[in-house]
Amino acid sequence: MEKLTITRPDDWHLHLRDGAALKAVLPHTVRQFARAIVMPNLKPPVRSVADAAAYRERILAAIPAGGQFEPLMTLYLTDNTNPEEIIAAKASQFVKAVKYYPAGATTNSDFGVTDIHRCDAVLAAMEQVDLPLLLHGEVTDSNIDIFDREKVFIEKYLIPLREKFPRLRVVLEHITTSDAVQFVLSANNIAATITPQHLLFSRNALFKGGICPHFYCLPILKREEHRLSLLHAATSGNPKFFLGTDSAPHARNSKESLCGCAGCYSALHAMELYAEAFESVNSLDKLEAFASFYGPDFYQLPRNTAQITLMKNPWRIPAELPFPESGLVPLRAGEEITWQMV
């Protein structure tokens, strides 16, 4: 296949940052996607409907001239979130979900939940008004091996959560293991997003020729057997699995440092990366549903009507992109990629 035209996709897990960083990265997403679920982990985080409304206006103001893009907002769940805020979020129409970060799990997660059991009243309100919960599904116990933190989270927290709130719609975000795939398949009212890096790379990519900080993200890349399980899930045609890049921009000097930030930047070339992954298992015919149908169906939103086209036209990913401070290094910077969005 040399050409692929599909319904315009959406990104169901995206970091846009704020200020000058927002203005630097937003054009990449606007070019590829019609909508995106925007993560709330700013400094300070987006904790209220008022915060979300203000952030949404800043995003809309940064859309390039002629661009068509709808930011779908989220609230940052904390120990102090109250049920009244959930009711207001649902009524707002522009807040589409609430994000759970375990405190300290990833970038700007210091305000996260210290004990999910403290959130029972809020989760009950979310179940009642049908507002989805988005989970960064890792435990933060330093005694748990970093490669096992998703599996342990499912066993320790997610299984009891499903039993307590069976009608709550849940997205287990950026899944990385066969354990997560099997859990999502077995549970009702639960879906999962999958990133391009977790479809394309195993943990070997982190250490190819030395430490490779631009492949470091959380949850961390896993064994090859887990990558293959994710690839099978993404290309299976099961509507529980859909696109979420988790594209996370960090300045080069924040990645290439003694204690580098977690996150891969893929918004520039996300659809090309996904196309490469799907083509690797002869499943390009499954890409449209994964990228364009299953996400809006889960969120009970209309599917897009516009289209995009990808062509077999090899090109080289830039070594660096403009970004505040010290530039932004995209995933697989400097390498050739087969597909190109036209």
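Just so you know, glycine gets a Cβ as well, placed from its N, Cα and C.
Annotation comment: Swiss-Prot describes H13, H15, K99, D246 as Zn(2+) 1 binding site. What Swiss-Prot records for H15, L16, R17, N41, H136, L218, H250, A262 is substrate binding site. Here Swiss-Prot flags K99, H136, H174 as Zn(2+) 2 binding site, drawing on sequence analysis. Feature annotation from Swiss-Prot assigns N6-carboxylysine to K99. Per Swiss-Prot, active site is recorded for D246.
Shown on the structure are the features that Swiss-Prot records.
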residue: H13; record: Zn(2+) 1 binding site; contacts (Cβ under 8 Å, 6+ apart): I37, M39, L134, E173, H174, T193, T195, G244, T245, D246
residue: L16; record: substrate binding site; contacts (Cβ under 8 Å, 6+ apart): L22, V25, L26, T29, A36, V38, M39, I59, P71
residue: R17; record: substrate binding site; contacts (Cβ under 8 Å, 6+ apart): V25, L42, P249
residue: K99; record: Zn(2+) 1 binding site; contacts (Cβ under 8 Å, 6+ apart): M39, P40, N41, T74, L75, Y76, L77, L134, H136
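The secondary structure of H13 (Zn(2+) 1 binding site), as reduced to three states from DSSP, is extended strand. H15 (Zn(2+) 1 binding site) sits 10 Å from H250 (substrate binding site), taking the C-alpha atoms as the reference points. DSSP gives D246 (Zn(2+) 1 binding site) a coil state; it is part of no helix or strand. For the binding-site residues listed here (L218, A262), the lowest count of other CB atoms within 10 A around the CB belongs to A262. Residue annotation for substrate gives H15, L16, R17, N41, H136, L218, H250, A262. The furthest Cα pair among them is separated by 19 Å.
In the three-state DSSP scheme, H174 (Zn(2+) 2 binding site) falls into the coil class.
Within 10 Å of the C-beta atom of H250 (substrate binding site) sit 27 other C-beta atoms, taking all shown protein chains into account.
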